[in-house]
Amino acid sequence: MSRDLKTAQRWVIKIGSSLLTNNGQGLDLAAIEAWVTQILVLRRHGIELVLVSSGAVAAGMERLGWSTRPTSLHQLQAAASVGQAALIQVYEDFLRRGNVHGSQVLLTHEDLQDRQRYLNARSTLRILLEMGVVPIINENDAIASAEIRFGDNDTLAAMVANLLEADLLVILTDQAGLYDRDPRHDPHAGLLSEVQAGDPELLRMAGGAGTMLGSGGMITKVRAASRAAQSGAATLIAPGSADNILLRIWSGEEVGTYFRPGVAKLAARKRWLAGQLRPSGTLHLDAGAVRVLREKGSSLLPVGITASEGDFQRGDLVRCVDPEGHEVARGLVNFAQHEVLLRLGKGSKALCALFGDVDEFEIIHRDNLVLSSDHG
Ligand SMILES: Nc1ncnc2c1ncn2[C@@H]1O[C@H](COP(=O)(O)OP(=O)(O)O)[C@@H](O)[C@H]1O
Ligand SMILES: N[C@@H](CCC(=O)OP(=O)(O)O)C(=O)O
């Protein structure tokens with residue numbers, strides 16, 4: 001069966017507005033407690049979890065005593081700003097029961113478009129996961145203007161799944177999954193158990209938001225599944241209010257709609273990386289570096305680099321060539337050209353002597369490195 005979720009190590013879980021609120025009147029604390037309790041169990045099973053949570057506007061409206069959702073952007077932003085604090089507090093309180101910390105990460109579209117900010121967000125999230133923290137992500141509503149908004153959190157969650165190369169994107173919503181037509185409008189709608197991410201037919205089945213609370217509806221979820229598949233993640237759209245839903249997903253129960261990513265994760269990831277950008281520089285490697293890259297799949301360290309050409313910045317794509325000038329790999333650099341030049345050929349001791357306590361040695365991390373034979 002293709003729903004082999006036991007091997008999924010890194011999950012992004014998106015909880016939608018339609019689920020998080022008590023009919024728009026503040027947050028549904030009992031529901032949040034139930035998800036966090038399951039998240040704590042999953043963590044004990046070694047799963048890394050990132051939450052993408054909506055609910056800031058609804059929580060803010062309650063705190064401010066507003067009974068109807070404002071229409072002006074600035075009022076919505078003000079409500080989100082007040083509510084975001086409440087939202088994080090609620091998650092943190094429940095997580096603390098399991099001795100786990102939550103952290104707040106607020107993103108705008110621009111943060112993930114700009115390569116440098118993209119890499120910074122990626123590094124921070126990775127460190128948080130290494131530390132065992134559960135990052136809780138939302139759109140930075142207070143400052144996001146119309147042009148730089150994600151708008152719905154489905155898109156944001158898919159981009160986070162790409163960013164972290166998650167294995168699984170779980171989109172919890174107020175329906176049992178994706179139906180062949182909107183079940184709110186047609187009682188004969190049939191639930192789809194398993195589909196292929198990126199199948200254009202699915203977009204015709206998916207409609208807009210079901211309630212005033214949600215934004216995006218199923219269309220943005222179906223698109224999110226295609227986007228997540230680009231870096232090899234499977235997506236599951238599942239009923240967030242069903243009992244123990246996250247644990248049932250983990251145990252392999254066939255709930256919700258499963259979107260097969262189509263290609264193997266590594267192949268997808270490599271195609272994604274290789275197709276992303278044009279190389280803006282070249283790193284010349286010595287024979288030892290070429291060997292460990294090829295044979296061990298190692299990260300590229302400064303010690304194996306003999307020369308660096310081009311005008312690249314942190315996050316840019318560069319080519320890596322062997323002593324004969326043949327391309328052996330491509331990857332995203334952690335340093336700009338002038339910083340690479342300072343590090344050329346240096347081992348960790350020399351780097352520490354120069355830069356003090358260094359926490360990032362790799363010029364290209366192995367997850368950001370694609371051997372040239374892999375992408376043809
Ligand atoms: N084909 C479909 N299958 C299931 N739900 C659909 C479909 N088309 C539209 N919808 C609507 O999408 C809604 C979920 O999206 P949305 O309201 O944005 O929720 P969320 O806040 O969880 O993102 C459902 O309540 C449903 O009415
Ligand atoms: N960022 C907004 C939520 C946006 C939103 O409603 O998205 P969705 O849950 O996809 O319908 C908030 O926290 O209120």
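Any Cβ shown, glycine's included, is placed from N, Cα and C.
Listed in TrEMBL:
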type    : residues                                                  : note
BINDING : K14, T173, D174, S215, G216, G217, M218, I219, T220, K221 : ATP binding site
BINDING : S54, D141, N153                                           : substrate binding site
DOMAIN  : 281-355                                                   : domain 'PUA'
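For the binding-site residues S54, D141, N153, a Cα to Cα distance of within 10 angstroms from T220 (ATP binding site) holds for N153. Look at the binding-site residues D141, D174 and count other Cβ atoms within 10 Å of each Cβ; D174 has the fewest. Binding-site extent for ATP: residues K14, T173, D174, S215, G216, G217, M218, I219, T220, K221, maximum pairwise Cα distance 15 Å (rounded to the nearest whole number). The record assigns S54, D141, N153 to the substrate binding site, and the maximum Cα to Cα distance across that set is 11 Å. Highlighted here are the binding-site residues (K14, N153, D174, T220) whose C-beta falls below 6 Å from ligand 1: D174, in sequence order. Among the binding-site residues K14, D174, G216, M218, the residue whose Cα lies closest in space to that of S54 (substrate binding site) is K14. Applying an 8 A CB threshold to same-chain residues 6+ apart, the list for N153 (substrate binding site) reads K14, G16, S17, V52, S53, S54, N138, E139, G216. Among the binding-site residues listed (K14, S54, D141, N153, D174, G216), S54, D141, N153, G216 have a CB atom closer than 6 Å to some atom of ligand 2, in sequence order. A sphere of 10 angstroms centred on the C-beta of M218 (ATP binding site) encloses 28 other C-beta atoms. In the three-state DSSP classification, K14 (ATP binding site) falls within a strand.
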